[in-house]
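Some notes on the structure that comes next.
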Amino acid sequence: MSNPLVIRQLAQAEYTQVWQAMQTFTDERNQSTLDELWLVEHPPVFTQGQAGKEEHLLAPGDIPVVQVDRGGQVTYHGPGQQVIYVMIDLRRRKMGVRELVTLIENAIVNTLAEYDIDAYPRPDAPGVYVDGKKVASLGLRIRKGCSFHGLALNVNMDLSPFLRINPCGYNDLEIIQSADLNGPKTVAEAGDGLVKHLSALLEATELQYQTGLEQQNDS
């Protein structure tokens, strides 16, 4: 059975622009719309999830805060972090939300395992960890049986903005990045590995590479 997957390379893009495009894509997609992975780096931004509490924003300072419609608490996005938005028709795949979360976590774990990094998910706190420190965050929204939002893997970035928040609502959570673990040193390297493992777990039969935010819903 054919199962193509679109890999959409967005390079660097403002968070709100991509967030609005995700919502439009999800609202307008139909039964023939291909599933997509969107790869992007964002300029510095804090995003506050639906369950987000104000007290976890300690001192955002000059970094903008965006209230968004994903699950979870506050997190930080910035240059040197590989963000991948996972635009999957769960209904068509007969896949549950928990199954997709596990799949994404496994793709991150498998990517880091290629560098002999022993990463793992935690049942009490979504994301992926190494020695108790968080290397990747995860948050999804489901609408019309389809997912959007996704994962963020810290690769080679300025981690100091994480000190301005309680990441994901945990005040003692340490944040690490793959470059400091002898893992992927660049966003491109991390993106290649994540796409390889996500597409394998999603059982994609073909990868279609595209750039920009042009939609394919009316095809």
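Every residue, even glycine, has its Cβ placed from backbone N, Cα and C.
All TrEMBL annotations are machine predictions without curation.
The active site, acyl-thioester intermediate feature in TrEMBL is assigned to Cys168.
Per TrEMBL, the feature substrate binding site maps to Arg70, Gly71, Gly72, Gln73, Val74, Thr75, Tyr76, His77, Ser137, Leu138, Gly139, Gly150, Leu151, Ala152. Under 8 Å, Cβ to Cβ, and six or more positions away along its own chain, Arg70 (substrate binding site) finds Thr47, Gly49, Gln50, Gly139, Leu140, Arg141, His149.
Mean pLDDT for the domain 'BPL/LPL catalytic' (31-206) in the predicted structure: 93. Positions annotated as domain 'BPL/LPL catalytic' by TrEMBL: 31-206.
The site 'Lowers pKa of active site Cys' annotation in TrEMBL covers Lys134.
You'll find the Cα of Tyr76 (substrate binding site) roughly 12 Å from the Cα of Lys134 (site 'Lowers pKa of active site Cys').
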